[in-house]
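S.K.: From TrEMBL, for reference:
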BINDING   Gly621, Pro622, Asn623, Met624, Ala625, Gly626, Lys627, Ser628  ATP binding site
DOMAIN    695-711  domain 'DNA mismatch repair proteins mutS family'
Amino acid sequence: MAEQTPMMRQYLEIKSGYPDAILFFRMGDFYEMFLDDALIAARILDITLTSRNKGSGDEIPFCGVPYHSVTPYIAKLIETGHKVAICEQVEDPKQTKGIVRREVVRVITPGLLIEAESLAPDENNYLLALCQGEGDQWGIAWLDLSTGEFRVTELNGGPAAAAEAVCVHPREILLGEGVELETLPADLRDFVTDKIVSRAPAWVYERDYTRSLVCDQFGAASPESLGLEQMPWGLIAAGAALHYLRENRKSAIPHIREIKVYQRSEHLALDPATRRNLEITATMSEGKKNGSLLGCLDRTSTSMGARRLKQWLSYPLVGLEPIRQRLYAVEELLEQAGVREELVAQLKGIADLERLNGRIGMASAGGRDLRAMHDSLQRIPALVDLLAPLQSDLLRSLCTAIDPLDELRNLIERGIVESPPFSLREGGIIATGYNEELDELRAISREGKGFIARLEAQERARTGISSLKIRYNKVFGYSIEITKSNLANVPEDYIRRQTLANAERYITQELKNYEEKILGAEDRICELEFTLFQEIREQVAAQSGRIARTADGLASLDVLVSLALVADERGYTKPQVDESDSIEITDGRHPVIESMKLGERFVPNDTRLDGAENQILMITGPNMAGKSTYMRQVALITLMAQAGSFVPAAAARIGIADRIFTRVGAGDNLARGQSTFMLEMMEAAGILRNATPRSLIVMDEIGRGTSTFDGVSIAWAVAEFIHDTPTCRSRTLFATHYHELAELATTRERIKNYTVAVREWNDQVIFLRTIVPGSASHSYGIQVARLAGMPRDVIERAKEILHNLERGEYEEGAPRLAKSRKTKSTEASPQFTLFESNEDLLRQRLKKLNLSVTTPLEALNLLDELKKMI
Ligand code: ADP
Ligand code: MG
């Protein structure tokens, strides 16, 4: 590019500072993109690509978008994973000679969005910063710029850090320059790989620098006063996030004023697989909210509430007191149906105060935003009145947090018109009576317009030209327009200004005088209104702390109201939560499946789990019987209770769990495309390593991904481990279609057998969906295959093969299968096998027989019975 224009030189210089962003270069009414940026943007935005210096051999591709409708273009680029650097003219072009000075005023990245148009209302938009410390310690900080939420924690080990990152579900991840993805621990690498990764310079990750950034932002003298003294790496991650924010946002971020330091142990731990399997916030197959637990429970009225509910379900509690507080609040709102309905009515009229607060704080809010703030605040006094008589501690504290912010509401009411225009630069925003000077200027402008109308009438009379019009035009100002046919009657004192096809335009001295006055006033009005608006916005921004607290209170209130609403509609009950090791559920239902109304009535089931006799429930039964549904329902009820929700059951007692683990057999999560046996085993290994006696484990069809003998063996050994290992010994639901596993209960005291009742009828199977004590005697695979519409011949042939196989197992496979070094009973009776249940029964029956009281007839009958048995 031998002959660069000065403008191009300026462009290239600015662009060199933002190599990984698409540079929007402001030129007049357009943002232009050049070179590679233009090629990318033209394709994604579907806009015309042209070029400068056409045909010169030095062509520069470029494209552009109009500045006033730039938002959707930015949104589209961000959506496709790009960053956009906005470069503005920072001097008035009229007052500069040569080239206008330009600067990048902010960089928009996926994790730092604030525009309402680009954000899903019911989802947070997080940037997550990771920092690896010493001893495999990980600092994690995450923030939602649009709402001001900022959290930090520290975790030990890559898997724990990855689990947390998955839970946060960030839009963008920040790592240090030079941190190679390949060097990250496997779990983290897997998580980060397909995400948008941004980099901060390596020097940022330094103690003193990050400490000063964090203390500065949160107005603290030291990290200690923020509760960060035990989290050196968390502090660095938080500082790196703030650095990145400042670099890109380049404006004050007053609404980020609180840093929440948390420990993982404060919440019910759910590993990523469990979150997925239980479909807590998204369905497994499509990743949709609809069909998940969240989708089923969300009856919130505001987006703040919707986001908060998602957080409560993602981070259920483990502390008894806070759980009980939520439950009391829901109970009170459930009982007070009238109050609840009125609260809903008020909440529905409240806008997203968190995000409004963010936009106001970052000076990107318009008149409509302020007015939305006003209209929302207006509803708060009534809402507080409704809350005031309520008794539960949590509702009382929310009532105190929710602040009507009267003076702000008054300020906006007095200052901003009821329906302000979108633009901030063209006036019409500030209400009459707010500012004297503005009112005067408006009077002048109004008078001037009246004068113009009078002047027009006067000139028509004077010239006798009835088609004479006074027109206004941005470039030439006011003029008198006379059509060509009337030119003969134009008076002497008219001064010609402009010639059109059919008319001439003139001015007079009188018109010119007024023009100056009116236009002067109008310019001044726009300027003054803009200044006044900014002042009002700043006054509101100065209260961002109070607004944030109010928004926070409203979000929680909305969730509690929504939980009460759902509990009422679906007949949920209040769980009794305690620190026991029991989980006792009467008539429990699966919240999501029950609400889907699939035609089949949902059959409720009981559960009894504890650390003593009912530690492991071994649930056997055919495929499609309802095992998975049952186990998930127990896990979901536990999770709901710890999130503070009522539960779908007639009664429930939940001894708080520290973790919930679920492992779902390979066949059940094909959707992930990774249903390898290896993955299944890795997840199971993780469970056995991390589970505690306070945990709840759901093992669904473990070992299904391999051959039958392998599978049974692994499942068997895993169940034994959970039962026998004192540090593990978790409450466990163990489902398997290997009915052989029911034998375990005979050797392990805390294992209880359950099965899903089925009725056999005409060689068919009918699922009753009831969980009953006992075990299944068959897998019924062939019957299920018949239900699925397999051809008759295949079914018949399968039966034949099954028959042969089963005989084969009896003859040679079985004894080897059940033998164990440890199991005493096996050593005592070398004949014992899994599959000899008939012989067992025979033996038992004979043992019970008391010959001294048996009549000959009874003996004969017994003989007949025994014969049938074999
Ligand atoms: P399994 O794990 O035993 O193969 P699932 O739990 O996947 O069986 O359930 C099979 C089907 O039965 C599911 O589609 C579900 O809708 C239905 N189902 C399960 N439990 C019940 C129940 N308690 N009441 C009614 N329908 C149920
Ligand atoms: Mg299943």
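Glycine is no exception: its Cβ is also placed from the backbone N, Cα and C atoms.
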S.K.: Summarise the domain 'DNA mismatch repair proteins mutS family' (695-711) by DSSP state, stating how many residues are helix, strand and coil.
M.R.: 4 helix, 5 strand, 8 coil
S.K.: Quick one, of the binding-site residues Asn623, Ser628, which Cβ has the fewest other Cβ within 10 Å?
M.R.: Asn623
S.K.: Per DSSP, Ser628 (ATP binding site) is which: helix, strand or coil?
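M.R.: In three-state terms, Ser628 (ATP binding site) counts as helix.
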S.K.: Among the binding-site residues Gly621, Asn623, Ala625, Gly626, Lys627, Ser628, name every one whose Cβ is found under 6 angstroms from ligand 2, counting any of its atoms.
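M.R.: The binding-site residues passing the 6 Å Cβ test are Lys627, Ser628.
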S.K.: Using CB under 6 Å from any atom of ligand 1, narrow the binding-site residues Pro622, Met624, Gly626 to the ones that qualify.
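M.R.: Going through Pro622, Met624, Gly626 in sequence order, those close to ligand 1 turn out to be Met624, Gly626.
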S.K.: Could you tell me which of these binding-site residues, Gly621, Pro622, Gly626, has the fewest other Cβ atoms within 10 Å of its Cβ?
M.R.: Pro622
S.K.: For the binding-site residues listed here (Met624, Ala625), which one has the lowest count of neighbouring CB atoms within 10 Å of its own CB?
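M.R.: With the binding-site residues Met624, Ala625, fewest surrounding Cβ atoms within 10 Å: Met624.
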S.K.: When you measure from the Cβ of Lys627 (ATP binding site), which residues in the chain that are at least 6 apart have a Cβ under 8 Å away?
M.R.: Ile619, Gly621, Asp700, Ala735, His737, Val756
